[in-house]
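Working notes, beginning with the structure itself.
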């Protein structure tokens with residue numbers, strides 16, 4: 001099934017070194033934005049990646065991964081003077097992960113407003129706070145969001161907060177606020193809400209992004225699914241149960257499934273959002289069943305099989 005409107009993804013792409021056995025690692029493509037783009041394209045969506053990589057082995061490897069998965073790389077720039085990002089994924093026994101960055105800043109932080117393509121009405125633009133950590137990528141993300149809204153398109157901002165990547169964490173609140181004000185939809189995790197607001201419980205901070213100017217918030221709750229907050233109310237969407245191997249990229253797969261579904265229509269309403277979140281929950285669940293952020297990102301037949309074999313509880317109105 002082909003998406004009707006193009007999804008533009010800007011930001012990070014990296015080579016992830018994932019533990020395989022003692023003293024050995026799997027070389028896996030990754031990066032939050034790259035994962036989102038590949039997920040959209042694998043599902044049959046039309047997706048373009050806006051970014052910068054080093055003209056090195058890692059950069060050429062990642063560009064080939066994009067091409068192999070059907071992602072448009074017309075606006076992906078390779079620069080011989082820069083080094084592509086490489087990181088080690090540290091996994092716990094239950095599949096939870098943390099990251100050790102071997103290259104920072106990576107080439108992805110050098111994407112600039114000059115790299116942006118022209119946008120069209122009803123298209124989508126995705127960015128996350130990872131793209132806001134350094135200049136000129138920060139300006140590229142914010143300007144891209146502004147131009148997409150000006151063109152009559154939509155913007156999805158994923159908070160995806162990684163404080164260790166910031167040189168000055170005091171910049172975070174203002175940049176999150178600017179991003180939320182530009183966004184049609186904001187996606188945030190429960191933990192991130194607590195980090196941003198200082199609240200002990202995410203429920204007490206669930207309106208944080210709405211209060212910054214974004215009317216639609218999706219809070220990812222891991223194994224508990226997702227909470228949608230709109231002007232119509234609050235709705236909880238349970239997630240399917242799976243055996244967890246590696247949680248790397250689960251949130252990105254969630255966003256990819258969400259964007260793919262939303263891009264199939266010119267306008268979105270509650271019914272389409274509900275379908276999109278159900279698909280997003282399924283994509284996120286599938287992503288954690290194998291090592292590597294992209295390994296288990298589904299193709300359409302795999303997603304359909306998963307949906308038919310996992311009974312998803314109906315969304316529950318919370319408020």
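Every residue, even glycine, has its Cβ placed from backbone N, Cα and C.
Per Swiss-Prot, K(+) 1 is bound by 180, 181, 183; the candidate from 152, 153, 213 named for the same site is 213.
Just one of 69, 90, 281, 304 is listed by Swiss-Prot for the same ATP site as 158, 159, 160, 187, 192, 220, 221, 222, 223, 224, 225, and that one is 281. In Swiss-Prot, the 5-amino-1-(beta-D-ribosyl)imidazole site is described by 16, 31, 101, 162, and among 252, 269, 301 the residue recorded at this site is 252. Classification of residue 223 (ATP binding site) by DSSP places it within a helix. Geometry remark: residue 158 (ATP binding site) versus residue 252 (active site, proton acceptor), CA distance 9 Å. Around residue 101 (5-amino-1-(beta-D-ribosyl)imidazole binding site), taking its Cβ as the centre, 15 other Cβ atoms fall within 10 Å, counting all chains. Residue 287 (K(+) 2 binding site) carries a helical DSSP state (H, G or I).
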